[in-house]
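To start, the structure under review is shown below, and the notes come after it.
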Amino acid sequence: MVRENQSTAIEFLLLGLAGQSKEEEVIFGMFLWMYLVTVCGNFLIILAISCDPHLHTPMYFFLANLSSVDICFSSVTVPKALVNHVLGSKSISYAECMTQIYFFITFINMDGFLLSVMAYDRYVAICHPLHYTMMMRPRLCVLLVAISWAITNLHALLHTLLMVRLTFCSHNAVRHFFCDPYPILKLSCSDTFINDITAFTVGGLTSITPFTCITVSYGYILSNVLKFPSIQGIRKALSTCGSHLTVVSLFYGAILGVYMHPSSTYSVQDTVATAFFTVVTPMVNPFIYSLRNRDVKGALKKLMCRRLTSSRFYN
């Protein structure tokens, strides 16, 4: 199969993470279970925050947005892999692949931007508690999220347009369960120099900027917290950051290892790491924030009690 020109329609073959049918059945079961947990867990977080007036604060506004993005992030890649397995197919059309790349880049970067905004929120709450309400006004919170969406969509559009200009030749098999940009680049018989340079510069800037904001915010938080007179005060201040730091570590630990090198060196280990932050991280985020956060746990308990009470009433 040769692509004669830019308008020729082609398709890619997503080989998945396993080569044998028994292994594919196990991975299918794991992916289905993790996807359902991801959607249900993040939806419960959104529902708990929206139903509890005490959680209508900037921190939980950003958390609700993060949960929404995590649902979308998983939905970009996992359902297609599950459907292909059920149908016994491994193909994905060229248009579907480019669309998947666009939304994958959008949501992965949106996760990073939201985590940086949440770090700034924690910085203001701990270092400037008396001015928190004034500094984190609702209009500013909405503006920060809106700017993040604009940047991530423009960034995704740039990479997708650069991908569309490439020519793909006869070899179209991808050792992955979705159209990850790096493995797709390796299939191109065109010169991918511009794509690699853009990934290093614009892509690196889009990834490193939120990470730098997170690092600087926590640097200020740590220096401020160490001035507290009591150990109990230090623990209380840091306890509000524990969940966020855990999520940041999981998210950036995988991403920086996968995408901070040329596409030509993309390996099987990178494929496994990509599966981790596209499937596992969105699933564990609700557990991290609910198990380590009293307010969220309380809101979830109230939500469950309301459901039980209403079901008993109707019965």
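Backbone N, Cα and C define each Cβ position, glycine as well.
Pulled from TrEMBL:
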type	residues	note
DOMAIN	41-289	domain 'G-protein coupled receptors family 1 profile'
TRANSMEM	26-48	transmembrane segment
TRANSMEM	60-81	transmembrane segment
TRANSMEM	101-120	transmembrane segment
TRANSMEM	140-158	transmembrane segment
TRANSMEM	197-221	transmembrane segment
TRANSMEM	242-260	transmembrane segment
TRANSMEM	272-291	transmembrane segment
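Across 26-48, 60-81, 197-221, stretch 26-48 shows the highest tally of CB pairs under 8 A with the transmembrane segment (272-291). Confidence across the domain 'G-protein coupled receptors family 1 profile' (41-289), taken as the mean pLDDT and rounded to a whole number, stands at 88. For the transmembrane segment (60-81), the list of distant contacts is 14, 16, 31, 34-35, 38-39, 42-43, 45-46, 49-50, 92, 96, 100, 103-104, 107-108, 110-111, 114-115, 117-118, 121, 138, 141, 145, 177-178, 278-279, 281-283, 285-286, 289, 295-296: same-chain residues at least six beyond its ends, Cβ to Cβ under 8 Å.
The transmembrane segment (242-260) makes contact with the transmembrane segment (101-120), as judged by at least three Cβ pairs under 8 Å among residues 6 or more apart in sequence. Outside the transmembrane segment (140-158), and at least 6 residues removed from its termini, the chain residues within Cβ reach (under 8 Å) are 58, 61-62, 65, 101-103, 105-107, 109-110, 113-114, 117, 198, 202-203, 206.
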